[in-house]
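Report on the following structure.
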Amino acid sequence: MPQLGLLHGRAWASLLGKLLRPPGAVCIGAVHSHSQVAEAVLVSQLKPHQEKSNFIIKTPKGTRDLTPQQMVVREKILDLVVSCFKRHGAKGLDTPAFELKEVLTEKYGEDSGLIYDLQDQGGELLSLRYDLTVPFARYLAMNKVKKMKRYHVGKVWRRESPTVVQGRYREFCQCDFDIAGQFDPMIPDAECLKIMCEILSGLQLGDFLIKMSWKDVRHEMVAKKGLAPEVADRIGDYVQCHGGVSLVEQMFQDPRLSQNKQALEGLGDLKLLFEYVTLFGIAEKISFDLSLARGLDYYTGVVYEAVLLPTPAQAEEEPLNVGSVAAGGRYDGLVGMFDPKGHKVPCVGLSIGVERIFSIVEQKMKTFGEKIRTTETQVFVASPQKNFLQERLKLIAELWDAGIKAELLYKNNPKLLTQLHYCENMGIPLVVIVGEQELKEGVIKLRSVASREEVAIKRENLVAEIQKRLSES
């Protein structure tokens, strides 16, 4: 059992405490002498800065604090996203917040100018990560990993002019899912599209459409399949006209396309993709868009992004302009950039626009005036009488040890009404009440905050009764 010891200020006592303390023990120390001197020096150094009258307390541009209410919403969004990634077999991965500058340079095209560079530290030129994709490619190459399905949730930084009202920030969170490895065509791509649909449907943001970029499909056909540009443009005519599942069959019937070997190969890939998304039940959510082009240089094939469609009510008003809420694509050459021999690992992935989704959800909640619980407390421990702090502490420890989320007021003798009002304001569903009468009878009162009904429960049965009620709610 870990022991708690109170250490005093002398060095020999500190050393003795370390020697006598069992493994895993937690020590609470009273701070004296040297640390107090250091604190005094620190305060004296800070004082001149604190006296500056023009100092404004604010967050840096393009950043923000998240309130407890906002954190509740954010965590629900992230839980839904990550649970979907795990459902599809992804492993978690994390990388440093900063990378060697050379790892990030020349990977983002024109956007490379938005990378945050750090001061030289120990002879290394470092930069804050711009996204989670390049660090993933660096990880694969460094560890010689040829196959991996991973998810990553983390902050990234971009030195751009922020438009906070549209959910754009200089510091923001990304949620990525990627499939690395050599697989049969279009199966991983179709799964990525399926994941985007599952997440956006689960978040209940409204109707959405995933647009696929014909520009990058055309580039892949011309560069990789050796398709003549005029033949690729002929395919583009169909895409522009029809933009849905039926376009593939119509293109196969065009003699100018069906007689070209490379065109047939490209059409075969498109047909496979549409077959797979049809089997996944999401074909009606997929559309080609000739105007779509992702700005990052590392994309090599089909790219896609999901946009929310305005409702009839929004069409009449000014909708929240947040751009795409999810995006992704294929980047088969990125890992090879880090490999000394240029060995490639094909990759396809997606990123969920958490900040933009968060902006939409926040706006909806304000519109409907939804109240948010900032804690998950299930039970409040109260007493109607004075001098019952010890009993409350014993009782709440019993609840905590049983895994029940519980609270009490940090006062010796709080008024019962004050305690009950706290429960109502915080949305705590249950209150346990212990007093003289309850102690005498060996029971605890269990009160429902919503109905205000109270029942007496035997002390030994209290935890089981609370767990039963919580499982039913």
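Quick reminder: no glycine exception, Cβ is built from N, Cα and C everywhere.
Automatic prediction, not curation, is the source of TrEMBL annotations.
Computed from a predicted structure; not experimentally measured.
Pulled from TrEMBL, these are the features on record:
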type: BINDING; residues: D131, L132, T133, R158, Q174, D178, R294, Y298, Y299; note: L-histidine binding site
type: DOMAIN; residues: 62-384; note: domain 'Aminoacyl-transfer RNA synthetases class-II family profile'
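Distribution of TrEMBL features across the structure.
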{"residue": "D131", "record": "L-histidine binding site", "CB count, 10 Å": "20"}
{"residue": "T133", "record": "L-histidine binding site", "CB count, 10 Å": "26"}
{"residue": "Q174", "record": "L-histidine binding site", "CB count, 10 Å": "18"}
{"residue": "Y299", "record": "L-histidine binding site", "CB count, 10 Å": "24"}
Across the domain 'Aminoacyl-transfer RNA synthetases class-II family profile' (62-384), the model's average pLDDT, rounded to a whole number, is 85
